Amino acid sequence: MTTFDEILEEAGNFGRCQKRIFALLCMVSLPFSGVYVGIVFQGFTPEHWCQDSGVSQIRQSCGWSLMDTRKITVPLVNTSGVLVHSQCEQYDLDWNNTGLTCDNLESDLNDAHRSKAPMTSCKEGWEYDYEGRQSFVTEFDLVCNDAWVVDMYQATLNAGFLVGIYFAKKRSFLMSNLLNGVAGILVAVAPNYISMLVFRTIFGFAVKGGWMSVYVLITELVGVEYRRMVGVLLQMFFSVGILILTLIAYLITDWRWLQVAFTVPYFIFLSYFWLIPESPRWLLSQNNSTKAKEITEAIAKENKKTLSKNIDTLRDDNAQTSTASFLDLVRTPNMRKHTFILMFNWFTSAIVYQGLIMRVGIAGGNVYIDFLISGLVEFPAAFLILFTIDRIGRRLPFATANIVAGVSCFITAMIPDSHFWVKTVVACIGRLCITMAFEMVVFVNTELYPTFVRNLGVSVCSTLCDIGGIVAPFLLYRLATIWLELPLIIFGAIAFVAGGLVLLLPETRGIRLPETIDDIEFPNRHKENQPKSQQLTNLLPTDMTTNKETTIV
């Protein structure tokens with residue numbers, strides 16, 4: 001019997017066919033960035049204050065600008081020791097009957113008078129300083145008491161991720177893209193925020209399954225030595241999508257059309273039905289060896305390779321002889337330790353990564369420039385990972401990335417706004433490191449579980465990523481109303497703890513993947529067996545050690 005990995009050696013581990021498919025599938029990561037972090041632009045909350053029809057009439061008659069009107073007619077409130085214009089309260093006055101004129105209104109409405117004037121909550125909606133742009137916040141007036149709906153926009157997406165499922169097959173990928181397109185358009189035409197949140201949940205359900213199917217499909221089509229590289233580079237294209245999103249968001253001023261812009265590509269991806277093959281591994285797992293052989297032969301032909309007759313004995317090399325359960329992840333000490341540490345790291349990575357990106361929208365700077373810089377600093381993460389993991393190992397870079405991200409969050413929170421560029425540089429270091437940690441947790445997770453429970457382990461641990469995504473917007477937006485930098489303190493604390501916990505995990509560089517729970521629980525015995533096996537191999541006659549290779553040839 002011949003495994004698919006052995007046949008793939010003959011067909012080409014990463015030949016022209018796989019490179020073509022990889023290039024096509026990388027395109028799927030581009031619109032996913034809009035889905036995942038588009039809230040920065042779609043849910044942007046600009047400066048706002050209460051709308052008053054009486055004030056509007058005075059503004060027209062006096063020829064004031066919008067900002068002049070706010071300065072004169074909007075009450076000041078004390079926020080964290082600083083006087084700012086109120087966003088949720090207005091003077092309870094009949095402005096047409098004050099007896100004040102345009103010339104003396106500002107001078108006569110002095111501080112003493114302002115302090116005695118009755119105030120009330122906004123009654124006629126809000127005015128927004130947004131230069132002709134429109135987010136769903138400004139359209140549905142999701143400010144003050146309704147500001148929590150903005151949190152729900154991101155939380156419902158992650159709730160959809162949480163219940164979303166994926167399969168390593170082309171048909172599931174195509175069905176997911178069809179649902180992505182339909183749900184995305186429904187979000188764009190939603191008549192109110194309740195229906196918007198419902199459609200957003202469906203969107204999350206579909207898009208997570210589609211993206212994960214892409215990840216699994218490409219890693220199954222390439223040789224073992226290329227899997228980590230294509231996985232990391234696939235995630236890097238998400239960063240490319242962030243840069244493209246910045247430009248599109250700058251050019252498209254309405255959140256609904258922005259939604260359409262990153263939804264349309266999912267309809268285009270339906271053409272992949274004719275451009276990418278089914279996963280031969282999945283076909284083998286479904287006992288469809290005939291179709292698997294046909295696709296493998298097509299891959300070899302495009303790669304200009306010739307297959308041996310061993311393909312006639314192709315079998316499923318992923319067949320599992322043991323049934324995995326959740327108890328296998330927590331029953332024994334080391335498995336339990338790995339599970340809880342990995343779950344916490346998935347949770348932390350999601351909160352800090354999403355939190356730092358969404359913070360761009362409330363930090364007060366130019367949201368487009370800040371978001372662009374935020375996307376650019378992600379690129380070195382992939383190269384640092386590829387450079388360090390086979391030279392230094394997994395544990396130290398993984399832990400360092402978390403710890404440095406945590407420290408950067410602490411320092412950023414303490415730097416005053418007057419030192420803008422210093423604060424920006426430190427924040428960028430934090431973004432770079434949490435991106436690196438987020439990308440590393442994916443493959444570190446797979447290396448710390450035995451074969452029969454590996455898929456279940458990754459599935460269970462990564463569930464905490466979606467839960468972290470649900471928590472992140474509430475943690476950011478609600479705590480920021482108390483103190484803008486408070487979320488950074490929380491992000492720093494959990495990232496620092498996550499990095500410390502990673503140091504408790506074993507190093508997996510140069511260690512073959514575990515096959516049983518005993519390999520996890522007794523790692524020293526596992527390491528000792530490797531040199532002993534090599535010694536035994538050296539003692540065997542040459543013709544015995546090369547017998548398998550000779551047979552294949």
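Yeah, the Cβs are placed from backbone N, Cα and C, and that goes for glycine too.
Automated prediction, rather than curation, is the source of TrEMBL annotations.
What TrEMBL records for 21-44, 147-167, 174-191, 197-218, 230-251, 257-276, 340-362, 368-389, 396-415, 421-444, 456-476, 482-505 is transmembrane segment. The domain 'Major facilitator superfamily (MFS) profile' annotation in TrEMBL covers 73-510.
Most Cβ pairs within less than 8 Å of the transmembrane segment (147-167), among stretches 174-191, 197-218, 456-476, belong to 197-218. For the domain 'Major facilitator superfamily (MFS) profile' (73-510), the model's pLDDT averages out at 87. Here the listed stretches are 230-251, 257-276, 368-389, 421-444, and the one with the most C-beta pairs under 8 angstroms to the transmembrane segment (482-505) is 421-444. In this chain, the transmembrane segment (230-251) lies apart from the transmembrane segment (456-476): fewer than three C-beta pairs between them fall below 8 angstroms, excluding pairs fewer than 6 positions apart. Pairs of Cβ atoms less than 8 Å apart link the transmembrane segment (340-362) most often to 456-476, out of 21-44, 368-389, 456-476. By the Cβ criterion (distance under 8 Å, sequence gap of 6 or more), the transmembrane segment (21-44) is not counted as touching the transmembrane segment (396-415), fewer than 3 such pairs being found.
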